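What follows is a short report on a single structure.
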């Protein structure tokens, strides 16, 4: 069914910035697990007479994100008021950015494989304040809704992409990259469970014969908004469900209702949350309590210079400098802490003349970076092994035989193409040899055995 | 018991230093007058007797301790009232509206804290048009305030109670807010000096917002000299209002030149007011001040532009009173607040925003540019504060458009963010006060004070008091 249609997907990603204080007051921005309404003041509670005072660190973090995603930084930017009523929004409006976001017109090179890459356009990245939280409870037999303002005013970065995605896989890959990038930039923990990263996808289907129009900026005449989905995996499932659902409707020559849909994790289906008859009128106007932001070339250059290495850059460097396989590289790069551990270990390893491969092997195959919380410990251990006499080739082969016998399922898996199982088998052999097997010898012999 | 209080802060403090009276006795004096006369004027919503006495005792201790300087306590012993828009920790703050009728704030505004730490004594919170919406005081949800010069007349608004508290000797000075004329116009109606400072000079933090791009924190005094003293305390940056900037004004030169804007003397100007202003010009001319006719060509758009931008911001600022907190829901808003909420919501709506709000913002810039051009050549502008003297209670209450025109000479300065000072300039035949307005370049309040002090040395209007 899908063959007749091509998905058109755009994303809105919200990321809470990890600043020490909130965006417009000096309350702590850390609201996770805090006692309700303890990190609050007149400003973030929107009391009469209170006024916002912008947090420079939040603005700098947004510029940082913009530069990392190839955006232009607006030399004049401003905050606007976005009006709507909701009990968790204490002022009746959210301070956000409308006409002049801090960052615009960015892009991201999405690498689907070593040979295939696609440019995703980023329309804008702007800064706004988070809302409070409603908690629904039963107190003394009465159903009540309570408001916790701890989260109110926490800086929130919003990234809006163009509708450039055409598959759930692309979306998934992109979101993981965004999450990793903001962690590398050290601007957010981007934790899905804690709600510091939130996803929304706009999805519609384009008839195959109209695909050419997409390039001209002509998109399908409807879109369905997927909201309140709190994991990458669920979003992927929700998208896939939507493709089928919409394709089925379109193939009957019916119109897809423009609406907001949520995802039922148990039934694995999307469901209607709110039908949008017309766009909500937020009555945007410039926030008069905050002066215009002037972002000079100097500031932009200063931030540019302070940009850390990004995941894509690190991947390239690890593979080029250390000849790491793409598999090992990914396992290191996708975990910032691990990547940094590795970099520190490499410096020490060089001093002690230990091969980089040994370091990676010890980390990835034996998880020794968990055992040794400091790289120095790991290197010390590797040095001990290196200096230890290795067991003979016969002993290695004998151990391999035992391991193969004991792990028949793993062997079958390996032979059916799951090459990553090799590491596990090597680990088992080393365990039998109490670490005294020479790594290259073990690897060579086990491969030989497994082939036969 | 004190019979009367001196006219200026300087003389007041001399008396304190000579121990002619104590701060506690000053509080006695004012509380006694409030109790005796305010029931017929309705200028106070809350009397803060306990905190007044405790602050007075504290200041008396300072006085008796000996080792202090007046530069530490520049407002020592100055009894002050605050318009009920200023948040006062632990003391009810209503904004003149039923919506906040039982609201006791957990914090105080910057200006309240600055005044108290300068040695001033808060006596209470004054009545005003609800949310500062009005030019007569009649929009207060707690009943109108009356003009002590003639109780059949309004005292002007929205800082109605603030003006009356000073002109009736219920407090030495009063703090108010001026968004489109709400300090200057009541000052004109009650024979007081009223300052609307430059936008960005005095912190708005902790003052219930009306229209945030226009709101300023002003004050009422009897003399220009004292107006300058109060501003020296209220002005300056805090870390809460980010629209403040620490800019300084220029010094006035030997040759002073004042512009008379022809657009401010046309149709709608009361003849008696016109005569009084022209007479004031003659008085200053004799002192060697040069006058020149100038033009502010976009003046006629000031009120329409003001009544687009201001309601837009009002509708936004009042949206926090959503019924979830403060104990009263939106049904408690009075008719003027509702009118402005609807007007403001309309001009910001999709499809109307460009035609109304954005267009008004463009004209606002033109109005501001008019002043910039004129101030290249003159030190200040002199014009009437209001087109008429105080009008009768009820006279305009049912005609919002007529009421809005009371802002005709004050709205431009608000839109341009420049300072304005209203000074007593004379009386009508039936003894209603009339004020003249000096407008200046941004952050050049000192020039206005210099000219104003000169005028008060030459005249005695400001020394006249109403018979209550």
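Each Cβ is built from the backbone N, Cα and C atoms, and glycine gets one as well.
Some features that TrEMBL has for this protein:
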type     : residues : note
DOMAIN   : B:25-448 : domain 'Amidase'
ACT_SITE : B:83     : active site, charge relay system
ACT_SITE : B:158    : active site, charge relay system
ACT_SITE : B:182    : active site, acyl-ester intermediate
Cα of residue B:182 (active site, acyl-ester intermediate) to Cα of residue B:158 (active site, charge relay system): how many Å, rounded?
5
Using C-alpha atoms only, work out the spacing between residue B:158 (active site, charge relay system) and residue B:83 (active site, charge relay system) and round it to an integer in Å.
9
Sort out the sequence-distant neighbours of residue B:83 (active site, charge relay system) for me: same chain, 6+ apart, CB within less than 8 Å of its CB, listed by position.
B:125, B:126, B:128, B:132, B:159, B:161, B:162, B:174, B:175, B:176, B:177
Cβ-Cβ neighbours of residue B:158 (active site, charge relay system) (radius 10 Å):
34
For the residue listed as 'active site, acyl-ester intermediate', list the number of other Cβ atoms lying within 10 Å of its Cβ atom.
36
If I take every residue in the domain 'Amidase' (B:25-448) and average their pLDDT values, what number comes out?
96
